[in-house]
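Undergrad: Encoded as structure tokens, here's the structure I'll be asking about.
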Amino acid sequence: MEKLSTAASLFCVVVAATALAMAVVGGEAAVVEQTFMVHEMNVTHLCNTTKIYVVNGRFPGPTVDVTEGDTVVVHVINRLPHGLTIHWHGVRQMRSCWADGAGYVTECPIHPGGEKTYRFNVTGQVGTLWWHAHVTCLRATINGAFIIRPRNGKYPFLTPAKDVPIIIGEWWELDLIELDRRMLDGNFDDNPLSATINGKLGDLSNCSSTVEESFVLDVKRGESYLLRVINTALFSEYYFKVAGHTFTVVGADGNYLTPYKTDMVTVAPGEAIDVLMFTDAPPAYYHMVALANQPPPPDLQIPQLTSRGLIRYAGAAMDSNNLPMPMPVMPDQHNTMPSYYFRRNLTGLALPEQQQRHRVPAHVDERLLITLGLGSICRGGNTTTCKRGRSPETVVVATMNNVSFHHTNATALLEHYYDGRPEGVYTEDFPVRPPRPFNYTDRELIPAGPLEAALEPTAKAMRLRRFRYNASVEIVFQSTTLLQSDSNPMHLHGYDVFVLAQGLGNFDPKRDVEKFNYHNPQLRNTVQVPRGGWAAVRFLADNPGMWYLHCHFEFHIIMGMATAFIVEDGPTPETSLPPPPPEFKRCGTNGLSQP
């Protein structure tokens with residue numbers, strides 16, 4: 001965790017959030033209450049002092065630690081000069097869409113100097129999620145773990161001696177508000193200076209003679225540790241390894257997985273992976289490493305991002321005879337295949353009491369094929385007669401089925417839907433397939449040229465999709481090579497989806513449906529669609545409201561790789577979205593929440 005100045009430390013003592021659990025008697029559900037004071041703080045790294053945005057003086061921020069069935073109450077006090085929302089990433093928010101915290105989708109940001117209370121229940125989920133700011137690029141430093149423990153205190157695996165959040169992130173020297181402005185203007189030349197592990201850059205980063213501090217995890221030999229690995233980064237998927245040790249993957253995104261042994265974890269932005277690590281190595285110091293991957297050229301390249309920490313065994317002294325073991329052998333940063341194979345080996349684990357929730361819908365009411373890539377819009381509003389192929393006459397945007405989401409900064413979509421006044425704000429005609437089929441993964445589409453120029457034209461619009469309550473929805477996400485060949489971590493708010501299958505190349509509905517896993521698929525809120533490949537998911541639309549769907553690469557969100565799903569009310573009050581709670585503050589005329 002980032003070191004604080006004396007003043008900041010004193011500030012934390014005065015206003016630090018306290019978890020207040022009430023009525024925890026005999027395993028009954030509790031109310032867990034915390035306060036988040038969001039403010040600016042100066043931090044020095046790599047010989048430069050940078051202004052960052054934090055919660056309660058901490059980077060990463062405080063952990064929200066609850067038990068399944070609890071009610072969570074978080075009071076957010078915004079001391080920033082900018083608007084702010086907090087999103088509870090992966091929390092189902094059953095009938096509490098108003099508390100989802102998606103800026104301009106479910107609420108307008110909390111105005112500077114303002115406050116808001118988020119109140120919601122956590123039911124049917126156990127494991128690791130996280131929380132983060134959901135406006136501009138603030139989630140780079142405003143984030144933290146969200147842990148849900150089993151109500152009966154028992155895990156379907158060996159109870160760990162200790163559990164530890166491992167929050168992988170990035171260190172940005174550029175002010176995050178300015179970073180957002182630059183990307184909105186089409187400038188994507190800025191990059192983070194380093195990866196971080198729990199806010200520490202690690203000893204591979206240095207300036208002059210100053211070596212950056214590393215995150216150190218103290219362990220005892222012969223015990224098991226539950227590492228809750230979370231990727232909060234804006235730009236990159238990460239490989240994570242510990243020298244001399246292996247992992248057993250036991251959960252992801254607040255759901256159990258069939259135990260899977262591996263020596264490396266792959267975690268994309270938005271994902272949370274639970275792994276057991278057994279400390280069965282000789283007592284010593286062992287490096288842990290987080291390495292970002294990226295597509296090879298001709299895709300645009302960013303500097304290699306790596307952070308290194310330490311596992312320190314009790315009784316192991318650091319001296320010339322007991323130096324840390326060598327770095328674990330990592331994949332090449334341009335090799336993205338380990339990510340694909342890691343995910344293909346994961347399957348879901350349903351406990352007896354979870355069988356109903358883990359039943360894959362047998363029939364499909366709505367089918368969507370969503371292509372993910374880049375495109376272009378003409379400058380000046382002319383959508384048909386400009387030169388394509390990275391021409392100065394166009395602006396490059398991110399697209400889903402050749403629609404680039406037009407983000408509003410003046411109102412919240414949920415309010416317009418609930419009030420029955422969508423006119424002039426959004427339409428409900430998001431396409432269920434791309435405008436025309438093509439070879440989605442043709443490598444010749446990456447450089448600008450005649451092949452991709454004909455596929456570039458894109459609509460900049462706020463086009464949503466509506467589903468009736470309890471409809472069974474199947475989506476095939478297809479990554480493309482239009483101007484780039486990135487993977488795409490797709491996050492759906494308000495839902496866990498069954499990951500039926502993933503594959504490379506173009507999805508073939510006749511051939512690839514045979515690969516679907518209906519028996520024990522993973523349940524995930526964030527699905528990594530492989531580079532040059534596809535992922536098929538299915539879910540039951542049983543949570544009414546307005547739910548944001550977007551790629552969790554920040555530059556893809558800003559460029560428009562997003563939409564929202566409207567799920568209609570069911571036939572009863574218990575299956576309908578209730579009115580906004582008393583603490584909910586509607587949008588004002590300035591695009592921020594009312595005072």
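Glycine is treated like the rest: Cβ placed from N, Cα and C.
Marked as signal peptide by Swiss-Prot on the basis of sequence analysis: 1-29. The domain 'Plastocyanin-like 1' annotation in Swiss-Prot covers 37-153. Residues annotated as N-linked glycosylation site in Swiss-Prot, with sequence analysis given as evidence: N42, N48, N121, N206, N345, N382, N402, N409, N439, N470. Positions annotated as Cu cation 1 binding site by Swiss-Prot, on the basis of similarity to another entry: H87, H491. Feature annotation from Swiss-Prot assigns Cu cation 2 binding site to H89, H132, H552; the stated evidence is similarity to another entry. Positions annotated as Cu cation 3 binding site by Swiss-Prot: H134, H493, H550. Among the features that Swiss-Prot reports, domain 'Plastocyanin-like 2' is placed at 162-316. Residues or ranges marked as domain 'Plastocyanin-like 3' in Swiss-Prot: 429-571. Taken from Swiss-Prot, the feature Cu cation 4 binding site covers N488, C551, H556, M561, and the record attributes it to sequence analysis. Taken from Swiss-Prot, the feature region 'Disordered' applies to 570-595.
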Undergrad: Say you check the Cα of H134 (Cu cation 3 binding site) against those of the recorded positions H87, N121, N488; which is nearest?
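TA: Answer for the nearest of the recorded positions: H87.
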Undergrad: Do any residues of this chain, six or more beyond the ends of the region 'Disordered' (570-595), have a C-beta under 8 angstroms from a C-beta of it, and if so which?
TA: 83, 95, 97-99, 104, 107-112, 114, 116-117, 119, 408-412, 415, 418, 469-470, 542, 544-545
Undergrad: Sort H89 (Cu cation 2 binding site) into helix, strand or coil using the DSSP assignment.
TA: strand
Undergrad: Any idea what the Cα distance is from H493 (Cu cation 3 binding site) over to N439 (N-linked glycosylation site), rounded to a whole Å?
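TA: About 30 Å separate the Cα atoms of these two residues.
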Undergrad: For H550 (Cu cation 3 binding site), which of the glycosylation sites N42, N345, N402, N439 has the nearest Cα in space?
TA: N402
Undergrad: For the recorded Cu cation 3 site formed by H134, H493, H550, name the remaining residues of the chain with Cβ within 8 Å of the site's Cβ center, in chain order.
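TA: Same chain, not in H134, H493, H550, Cβ within 8 Å: H87, D100, A102, V105, H491, Y548, L549, A562.
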Undergrad: By CA-CA distance, flag whichever of N42, H132, N488 among the recorded positions is nearest to H87 (Cu cation 1 binding site).
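TA: Looking at Cα distances from H87 (Cu cation 1 binding site), the smallest one goes to H132.
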Undergrad: Per DSSP, what is the residue count of the domain 'Plastocyanin-like 1' (37-153) in each of helix, strand and coil?
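TA: Across the domain 'Plastocyanin-like 1' (37-153), the residues distribute as 6 helix, 59 strand, 52 coil.
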Undergrad: Which one is closest to N48 (N-linked glycosylation site) in space, judged by CA to CA distance, out of the recorded positions H132, N345, H552, M561?
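TA: If we rank H132, N345, H552, M561 by Cα distance to N48 (N-linked glycosylation site), first place goes to H132.
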Undergrad: How big is the Cα-to-Cα gap, in Å, between M561 (Cu cation 4 binding site) and H552 (Cu cation 2 binding site)?
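TA: Rounded to the nearest whole number, the Cα-Cα distance is 9 Å.
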Undergrad: Pick out which of the recorded positions N121, N409, N488 has the most other Cβ atoms within 10 Å of its own Cβ.
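TA: Compared across N121, N409, N488, the most Cβ atoms within 10 Å surround N488.
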Undergrad: Give me the CA-CA distance between H491 (Cu cation 1 binding site) and C551 (Cu cation 4 binding site), in Å, as a whole number.
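TA: A Cα-Cα distance of 6 Å.
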Undergrad: Round to the nearest Å and give the CA-to-CA distance linking N402 (N-linked glycosylation site) with N488 (Cu cation 4 binding site).
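TA: For N402 (N-linked glycosylation site) versus N488 (Cu cation 4 binding site), the Cα atoms are 16 Å apart.
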Undergrad: DSSP-wise, what's the residue breakdown of the region 'Disordered' (570-595) into helix, strand and coil?
TA: 3 helix, 2 strand, 21 coil
Undergrad: Can you check what DSSP calls H556 (Cu cation 4 binding site), collapsed to helix, strand or coil?
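TA: DSSP assigns H556 (Cu cation 4 binding site) to helix.
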Undergrad: Within a 10 Å radius around the Cβ, which one of these glycosylation sites has the most neighbouring Cβ atoms: N206, N345, N402, N470?
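TA: Counting Cβ neighbours within 10 Å, the top one is N402.
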